[in-house]
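Quick look at what Swiss-Prot lists:
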type	residues	note
TOPO_DOM	1-13	topological domain 'Periplasmic'
TRANSMEM	14-34	transmembrane segment
TOPO_DOM	35-38	topological domain 'Cytoplasmic'
TRANSMEM	39-59	transmembrane segment
TOPO_DOM	60-69	topological domain 'Periplasmic'
TRANSMEM	70-90	transmembrane segment
TRANSMEM	93-113	transmembrane segment
TRANSMEM	115-135	transmembrane segment
TOPO_DOM	136-154	topological domain 'Cytoplasmic'
TRANSMEM	155-175	transmembrane segment
TOPO_DOM	176-212	topological domain 'Periplasmic'
TRANSMEM	213-233	transmembrane segment
TOPO_DOM	234-251	topological domain 'Cytoplasmic'
TRANSMEM	252-272	transmembrane segment
TOPO_DOM	273-283	topological domain 'Periplasmic'
TRANSMEM	284-304	transmembrane segment
TOPO_DOM	305-342	topological domain 'Cytoplasmic'
Amino acid sequence: MLKFIQNNREITALLAVVLLFVLPGFLDRQYLSVQTLTMVYSSAQILILLAMGATLVMLTRNIDVSVGSITGMCAVLLGMLLNAGYSLPVACVATLLLGLLAGFFNGALVAWLKIPAIVATLGTLGLYRGIMLLWTGGKWIEGLPAELKQLSAPLLLGISAIGWLTIILVAFMAWLLAKTAFGRSFYATGDNLQGARQLGVRTEAIRIVAFSLNGCMAALAGIVFASQIGFIPNQTGTGLEMKAIAACVLGGISLLGGSGAIIGAVLGAWFLTQIDSVLVLLRIPAWWNDFIAGLVLLAVLVFDGRLRCALERNLRRQKYARFMTPPPSVKPASSGKKREAA
């Protein structure tokens, strides 16, 4: 059992998601419906996209705490371009390019200037948030065109166009990380940096790519945010970076790099979003959301930590088992045989 969990760390997140879906069903049978699933998925899309980007960065043994600010900055650019009369495709492409550029800048600080990731992205968190507020003057962006909201309108099976795009991106990234040499380079870089270099992996380039794609995912999350609510507040993206990191940790992505699967991060994001829907079902006031979500997250992390210790003990036991096995005992020769030999 431990070996199975060891090879499938996202199983704990899946169990948490299933339990959080089934248990409220005993209070309200209507909760157990396809409509609930589509509603939770629609709410989870932003966090899923951010968790996917954070996964790439964390696999390389880094962390990015600026993605919330990138999301807000990119959402503001999208709104400004649309209100200036640019078409939706042009505005979306420019928004994605801005996110890519912001992520590239983060990666360059870490890979080329050797600044610790947490320090570099703490700096850019304030920088990007400041740019966002300078562009807006501290005001909200409203009056966005109706075609933007159509991106989040139900299209097929109750899922929007952006929802289907998110599913495709999850499937593609899961395949990329699991089945290609390029994807395995992220694991190698985070697991053993020097070893990866000796194997020919361009570790600096991999880290820059990870941060760049993370920024692009944050920009896409900004587009989703704007399309879902139809306006852009000046606090857009605040606090999302911590939720994205928490979703990854819940899904089995190691903070030490080199291990985890993208599906685990997606399940972690779904779990955190589903907590909010359960609290609404239980009619718990909204100001309890962060407290209860943090409490549940802490409980899951404690359980995950204890499980990790058990797995490590199991691995050590397997590794050194052959050295600890006592040698077979040799039976002493009988006294009769000794006399015959004499």
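From the backbone N, Cα and C atoms, a Cβ is placed for every residue, glycine too.
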Paired segments the transmembrane segment (155-175) and the transmembrane segment (70-90) in contact, 3+ CB pairs under 8 A: no
Given a Cβ distance threshold of under 8 angstroms, which distant residues of the chain, six or more beyond its ends, lie next to the topological domain 'Cytoplasmic' (234-251)? 9-10, 12-13, 16, 46-47, 50-51, 53-55, 58, 63-73, 75-76, 125, 132-133, 136, 138-140, 218, 221-222, 225, 260-261, 263-269, 271-272, 297, 300-301, 304
With the cut-off at Cβ under 8 Å and a gap of six or more residues from its ends, the chain residues touching the transmembrane segment (70-90) are 46, 50, 96, 98-99, 102-103, 128-129, 131-132, 135-136, 141, 143-145, 147-148, 215, 218-219, 221-223, 225-226, 231-232, 235-238, 240
Taking DSSP helix as H, G and I and strand as E and B, the topological domain 'Periplasmic' (176-212) has 31 helix, 0 strand, 6 coil
Could you give the residue numbers and ranges of same-chain residues that sit at least 6 residues beyond the topological domain 'Cytoplasmic' (35-38) on either side and whose C-beta is under 8 angstroms from one of its C-beta atoms? 21, 154, 157-159, 277
Are there 3 or more C-beta pairs under 8 Å linking the transmembrane segment (213-233) with the transmembrane segment (14-34), counting only pairs at least 6 apart in sequence? no
